[in-house]
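Right, one structure below, let's go through it.
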Amino acid sequence: MNIFEELKARGLVFQTTDEQALVKALTEGQVSYYTGYDPTADSLHLGHLVAILTSRRLQLAGHKPYALVGGATGLIGDPSFKDAERSLQTKETVLEWSDKIKGQLSTFLDFENGDNKAELVNNYDWFSQISFIDFLRDVGKYFTVNYMMSKDSVKKRIETGISYTEFAYQIMQGYDFYELNDKHNVTLQIGGSDQWGNMTAGTELLRKKADKTGHVMTVPLITDSTGKKFGKSEGNAVWLDADKTSPYEMYQFWLNVMDDDAVRFLKIFTFLSLDEIAEIESQFNAARHERLAQKTLAREVVTLVHGEEAYKQALNITEQLFAGNIKNLSANELKQGLSNVPNYHVQSEDSLNLVDMLVTAGISPSKRQAREDVQNGAIYINGDRIQDLDYQLSNDDKIDDQLTVIRRGKKKYAVLTY
């Protein structure tokens with residue numbers, strides 16, 4: 001099975017320009033290819049991971065990746081299938097975000113070894129050197145307005161309004177392809193399926209300006225089996241930056257993937273062989289309640305993104321919280337595992353009587369209910385049941401001198417911080 005056949009078997013090929021020519025190029029020699037990442041935030045997220053891992057697969061097959069950080073295009077904003085124009089960021093912010101994204105990409109691509117080691121480029125380096133007049137003369141003349149208006153990504157915005165700034169975005173992305181081809185002999189661009197219009201602007205410019213053929217391959221935008229856009233947890237993006245989405249939160253995200261999606265996601269997001277995945281699928285279908293596919297998915301992706309130690313920690317947090325063994329976890333581990341739990345910062349004037357604190361921290365709705373909860377054995381401090389109505393919280397209840405975990409019943413948690 002050649003690399004293109006494997007990508008197809010994994011569900012990673014959505015659309016290509018001349019497929020036969022692309023397969024020929026990928027199977028007959030080394031291809032230099034690029035994927036672009038606009039710094040629209042200070043971190044990449046799971047939605048970027050499909051293209052990143054596809055790039056890694058191609059590198060492992062011997063091809064040479066260029067990771068383009070859009071320091072210039074990030075200042076403009078891509079209109080593709082957006083309902084409204086993005087708010088523009090300052091140059092300083094975009095350049096800062098660009099540097100952070102560069103660091104994240106080095107986790108996935110090999111920038112050190114071999115004749116196909118990855119290269120990082122930033123389109124700010126060339127766009128900052130070209131004048132507006134030169135750009136219109138040397139690039140703009142190759143694009144007709146009719147051609148630009150025909151793009152689906154533009155059509156969807158015409159009725160609501162699109163600025164010239166965003167309208168010109170496709171020409172800028174097209175010029176990226178031309179520049180990388182001219183300087184580095186890059187002949188293939190990879191991106192999400194929503195980028196097709198912008199990407200083919202690059203092949204059009206290559207054809208008209210340099211009489212060369214470029215290839216484009218898009219990866220699918222991933223949705224779950226209900227059609228919901230992939231990569232969000234409770235409406236929030238799942239970030240690759242551990243400070244924005246902890247390894248534990250990422251682990252839980254994969255662990256909660258629906259059965260109908262789990263095997264498909266193993267093909268897309270892991271480097272397990274297709275034979276290994278087929279074996280996992282067989283075991284998974286025989287005992288779905290054991291969630292083997294989800295557990296494997298969580299292990300593989302968290303290890304890939306954050307490393308084996310982070311995976312082991314996420315697994316340990318999961319197991320200890322499930323067992324109620326709060327004291328077996330450090331304060332930092334509890335902050336990860338209970339990040340979505342109500343948090344109350346204890347004030348110096350607060351009463352440390354347990355009944356009072358249950359009301360103050362919003363765990364029980366009233367003192368009467370709080371007393372009943374304590375007497376009925378429904379209140380736990382750091383995993384220990386407390387039934388003393390006169391119990392006073394003390395330093396002994398502080399884990400690592402930072403926090404106390406209170407549980408009411410089986411599932412209602414609150415964290416006291418000091």
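For all residues, glycine too, the Cβ spot is worked out from N, Cα and C.
Taking Swiss-Prot as the reference, the stretch among 39-48, 189-198 described by the feature motif ''HIGH' region' is residues 39-48. Of the given residue ranges 114-118, 179-183, 229-233, 339-343, Swiss-Prot assigns the label motif ''KMSKS' region' to 229-233.
Look at Gln173 (L-tyrosine binding site): DSSP puts it in a helix. The Cβ of Tyr34 (L-tyrosine binding site) lies under 8 Å from the Cβ of Pro65, Tyr66, Ala67, Leu68, Val121, Asp176, Phe177, Leu180, Val186, Leu188, Gln189, Ile190, each of these being in the same chain and 6 or more residues away along the sequence. Least crowded of the binding-site residues (Tyr169, Gln173), judged by neighbouring Cβ atoms within 10 Å of its own Cβ: Tyr169.
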